[in-house]
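Now, the feature entries from TrEMBL:
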ACT_SITE  HIS117  active site, pros-phosphohistidine intermediate
BINDING   LYS11, PHE59, ARG87, THR93, ARG104, ASN114  ATP binding site
DOMAIN    3-137  domain 'Nucleoside diphosphate kinase-like'
Amino acid sequence: MTTNRTFTMLKPDAVEKGHIGAILEKINASGFRIVALKLTQMTKQDAESFYAIHNERPFFGELVEYMTRGPIVAAILEKENAVEDFRTLIGATNPADAAEGTIRKLYAASIGENAVHGSDSDENAAIESAFHFSGREQF
Ligand code: IDP
Ligand code: MG
């Protein structure tokens, strides 16, 4: 099944550095429609659950600490081929490997603090969207 929606978070480092406006502008300019949006903060339990797939990885503790240290912007984005096109827009996990012009190339500091999340599949986009937004918060 393919859908036309993906889920994103502007992570605590991007919010701390004042990049919310610039990143949302780039998302809009790239043809995505924002269909849900909020400033929120994940609890430790939220982050452990959201990133459960990584819980055996050596960086898991660091990842949870980072993702809970301040507010994030959570959003659902709509566009044809949204999941794949948004992964292209954000660039590689490690900003050192990210293509020119991508959000991570422009705004990420390191593989850990990489500014933005993008769902990796339609299934996870739906799960992650429901994690952060009720039905009445999605337009
Ligand atoms: P993705 O965000 O590009 O899908 P994943 O491999 O799913 O990358 O990793 C989830 C998040 O975990 C990354 O975005 C990054 O914040 C963090 N992460 C991934 N690999 C490392 C690492 O080697 N060291 C520290 N943090 C990492
Ligand atoms: Mg991932």
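Glycine is no exception: its Cβ is also placed from the backbone N, Cα and C atoms.
Remember, TrEMBL labels are computer predictions, not curated facts.
Positions of the features from TrEMBL, shown on the structure.
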residue : record                                          : Cβ within 10 Å
LYS11   : ATP binding site                                : 25
PHE59   : ATP binding site                                : 12
ARG87   : ATP binding site                                : 16
THR93   : ATP binding site                                : 13
ARG104  : ATP binding site                                : 24
ASN114  : ATP binding site                                : 23
HIS117  : active site, pros-phosphohistidine intermediate : 21
Looking only at C-alpha atoms, tell me how far ARG104 (ATP binding site) is from the residue listed as 'active site, pros-phosphohistidine intermediate', rounded to the nearest Å.
10
Does DSSP put HIS117 (active site, pros-phosphohistidine intermediate) in a helix, in a strand, or in coil?
strand
Mean of the pLDDT scores, which run from 0 to 100, over the domain 'Nucleoside diphosphate kinase-like' (3-137):
98
Rounded inter-Cα distance in Å - PHE59 (ATP binding site), HIS117 (active site, pros-phosphohistidine intermediate):
16
Compare all C-alpha positions of LYS11, PHE59, ARG87, THR93, ARG104, ASN114, the record's ATP binders, and send over the largest distance in angstrom.
21
Calculate the distance in Å between the alpha carbons (Cα) of HIS117 (active site, pros-phosphohistidine intermediate) and LYS11 (ATP binding site), and round it to a whole number.
7
